[in-house]
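A short write-up of the structure that comes next.
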Amino acid sequence: MMKRNFDQVKRIVIKIGTSSLVQENGKINLEKIDQLAFVMSSLKNKGKDLILVSSGAMGFGLDILKMDKRPSDLAKQQAVSSVGQVAMMSLYSQIFSHYQTNVSQILLTRDVVIFPESLANVTNAFESLMAMGIVPIVNENDAVSVDEMDHATKFGDNDRLSAVVAEITKADLLIMLSDIDGLYDKNPTIYEDAQLRSIVTEITDEIIKSAGGAGSKFGTGGMLSKIQSAQMVFANNGQMVLMNGKNPRDILRVLEGKEIGTWFVQEKGN
């Protein structure tokens with residue numbers, strides 16, 4: 001079996017989901033954000049390029065506006081996300097600054113990466129920010145994204161967005177933090193004997209079939225979108241680690257080669 005070795009990894013995209021940022025009671029998980037900021041700042045100080053793709057605008061918005069559930073009306077959803085995005089970035093900026101790290105905000109819609117000119121502009125922005133030692137924090141621009149057939153500008157969810165960001169920035173590794181330990185051979189919430197897959201070298205039909213089901217009440221991404229993200233990463237000859245986000249310091253252990261989560265990597269020659 002292939003051995004994990006991330007010594008040559010220079011550019012890392014980390015994706016954190018709403019379930020890792022917002023607690024079950026709807027309150028923001030400050031401890032986790034602090035850990036994440038510490039880890040990313042430590043890696044930046046070692047010369048790595050870091051990009052964070054962060055969900056959570058809706059969760060932050062619901063908390064600030066004291067709403068206990070996501071509105072069903074699209075315009076209201078966009079309003080709540082818009083409020084939450086400001087709060088989320090404010091908190092990120094504050095906490096990252098404790099570790100002498102500056103952050104920036106990049107809000108994307110799908111059409112930005114489809115058109116060559118806007119894609120070149122956003123790619124240049126990423127490169128400039130990282131050259132200045134700044135950590136770009138990326139989210140979908142929920143207030144203007146639409147999902148209509150004639151003008152679809154949504155990525156679908158931030159799992160797929162993180163794979164797109166990894167592609168356009170030519171990242172060496174995508175680390176996806178989730179509320180699960182990785183990819184299992186069957187659903188661990190149903191089957192007690194479900195086994196965690198340490199490595200996946202090929203996305204088979206069987207894996208896709210076993211990855212049904214949706215996400216948490218605050219987020220949108222389920223296991224299927226993570227598998228689709230891995231497919232996108234493979235299409236660009238990249239690699240991805242899917243791991244539990246409950247302890248962001250585990251990112252450092254993963255990069256040391258510890259077998260945490262599921263490592264998606266193609267065998268040489270594929």
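Using N, Cα and C of the backbone, Cβ positions are placed for all residues, glycine too.
In sequence order, LEU52, VAL53, SER54, SER55, ASN158, ASP159, LEU161, SER162, LEU174, ILE175, MET176, LEU177 constitute the residues six or more apart from LYS15 (ATP binding site) in its chain with CB-CB distances below 8 Å. The secondary structure of LYS15 (ATP binding site), as reduced to three states from DSSP, is extended strand. Per Swiss-Prot, ATP binding site is recorded for LYS15, SER178, ASP179, THR220, GLY221, GLY222, MET223, LEU224, SER225, LYS226.
Taken from Swiss-Prot, the feature substrate binding site applies to SER55, ASP142, ASN158. All protein chains shown were included, and the count of other CB atoms within 10 Å of the CB of ASP142 (substrate binding site) stands at 20.
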If you draw a 10 Å sphere on the Cβ of ASN158 (substrate binding site), how many other Cβ atoms land inside?
28
Tally every other Cβ atom lying within 10 Å of the Cβ atom of SER55 (substrate binding site).
28
Provide the three-state secondary structure of ASP179 (ATP binding site) computed with DSSP.
coil
Max CA-CA distance, Å, over listed substrate-binding residues SER55, ASP142, ASN158:
11
Assigned element (helix, strand, coil) containing SER225 (ATP binding site), judged by DSSP:
helix
